């Protein structure tokens with residue numbers, strides 16, 4: 001049996017695709033089997049066997065299988081298309097993965113049409129096109145290559161631009177006349193025959209493009225462009241291209257309304273001008289710059305905003321103590337932008353003056369505290385967005401009264417503290433000595449309520465200021481003092497201070513020694529001996 005053509009394989013080894021434009025013409029079909037030497041592990045038929053109209057005799061198959069075993073390195077070989085596996089590898093190198101193709105098990109059937117035929121580049125004498133492999137490729141037939149066909153606009157005389165099949169998904173159509181308009185199509189070829197053609201919809205003008213069109217969108221327009229209602233919009237977008245590009249504008253996919261927007265286009269830029277912006281001017285604007293078959297687009301989003309409407313409703317949920325709980329709902333009209341916060345105000349029924357309680361508040365409920373007892377309050381809420389506070393507000397229908405609580409005060413009976421206390425010496429008298437002729441004082445302190453009566457005694461005899469001027473007794477602020485003026489030898493003895501009131505009496509005493517001059521030194525010497 002004759003050998004079956006090998007299908008395209010996804011994991012085929014990469015082989016460089018031959019350049020058909022630079023290769024010499026292939027040998028005649030009957031001589032190709034004797035010169036082609038494919039790899040030993042790949043069993044493939046000769047490239048010229050597919051387009052042949054008459055089938056070869058069955059006895060010729062063994063001769064074709066033995067042909068690779070007799071290479072003739074000394075003879076020049078004509079370049080032939082690589083096997084289908086190599087075609088898939090070359091297609092993958094050109095950026096068109098063969099994985100998109102669907103392999104079907106129907107032998108000797110043509111493939112489906114190639115996909116996405118587009119113009120990649122142009123010059124004064126050539127047109128470069130690209131495409132993707134067919135979606136459906138028979139498993140047993142595989143894919144031999146592609147034929148690129150052209151004809152001038154207005155004629156049906158299709159001619160092949162490539163003499164030999166090309167396995168690449170990119171082809172340069174050369175030697176064309178400047179100014180011609182060509183219709184171009186691509187046909188996939190395999191042993192099953194030709195696929196349906198894939199044609200470029202519009203005629204292609206053979207003319208060099210000096211500079212492809214390019215829209216240079218300013219950075220501030222790459223994000224949302226926001227304006228307020230009534231403001232002027234004047235957007236300048238530079239572009240480039242040669243020859244002068246054709247500039248067009250769309251809004252939300254539709255042509256611009258000339259009553260709302262004006263377009264002014266120069267050689268370098270295009271200006272979108274709106275005298276007074278309205279909310280209907282919000283949307284997605286697209287600028288398209290086209291030079292022949294090449295174009296570039298830029299999209300900008302314009303948002304026109306205004307003040308929001310008031311909150312839909314507000315109500316008093318609860319009142320307790322000095323607190324009021326409020327709830328409200330979002331506005332029906334947000335001004336074509338998000339609500340950033342709310343401002344809550346209160347008014348006392350007595351004065352009617354409004355005061356801000358909360359500003360830039362983001363929640364839809366709040367608790368108002370520190371209200372004055374006995375007052376009645378009304379509340380209102382304003383919505384806020386990027387433009388500011390809403391002109392209107394939502395006001396509570398009811399009022400919140402802070403009830404004044406009645407307190408029944410019962411004071412506790414006053415009990416006077418009993419400060420009465422029996423006399424008590426806080427500082428007692430201490431023994432001391434003095435010298436004859438030198439005045440001395442005896443000191444002590446006492447407390448008691450009622451105020452104690454102070455009495456001084458010497459050797460159990462009561463002393464009296466009036467009877468003996470030698471003694472002076474002073475009692476001030478609880479400090480009791482007995483001053484003995486220029487004491488003599490007989491003024492020594494035991495002294496007692498007595499404090500007495502209605503609750504009792506108390507005594508404190510000491511001994512006073514009156515020495516002669518020099519006696520202290522004698523006593524000291526006596527102790528040292």
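From the backbone N, Cα and C atoms, a Cβ is placed for every residue, glycine too.
Worth saying up front: this structure is predicted, and the values here are computed from it rather than measured.
Feature annotation from TrEMBL assigns compositional bias 'Low complexity' to 1-10 (among others).
Among the features that TrEMBL reports, compositional bias 'Basic and acidic residues' is placed at 12-23.
What TrEMBL records for 28-61 (among others) is compositional bias 'Low complexity'.
Sequence annotations record features per position, and here TrEMBL assigns compositional bias 'Pro residues' to 70-85.
Marked as compositional bias 'Low complexity' by TrEMBL: 86-102 (among others).
Look at TrEMBL and you will find 113-209 (among others) tagged as domain 'Fibronectin type-III'. Taking H, G and I as helix, E and B as strand and the rest as coil, DSSP gives the domain 'Fibronectin type-III' (113-209) the counts 0 helix, 48 strand, 49 coil.
Residues or ranges marked as domain 'Ig-like' in TrEMBL: 213-285 (among others).
Within the domain 'Fibronectin type-III' (310-406), the DSSP-based counts of helix, strand and coil residues read 0 helix, 51 strand, 46 coil. What TrEMBL lists as domain 'Fibronectin type-III' is 310-406 (among others).
Mapped onto DSSP helix, strand and coil, the domain 'Ig-like' (423-513) counts 3 helix, 58 strand, 30 coil. Positions annotated as domain 'Ig-like' by TrEMBL: 423-513 (among others).
Per TrEMBL, region 'Disordered' is recorded for 1-133.
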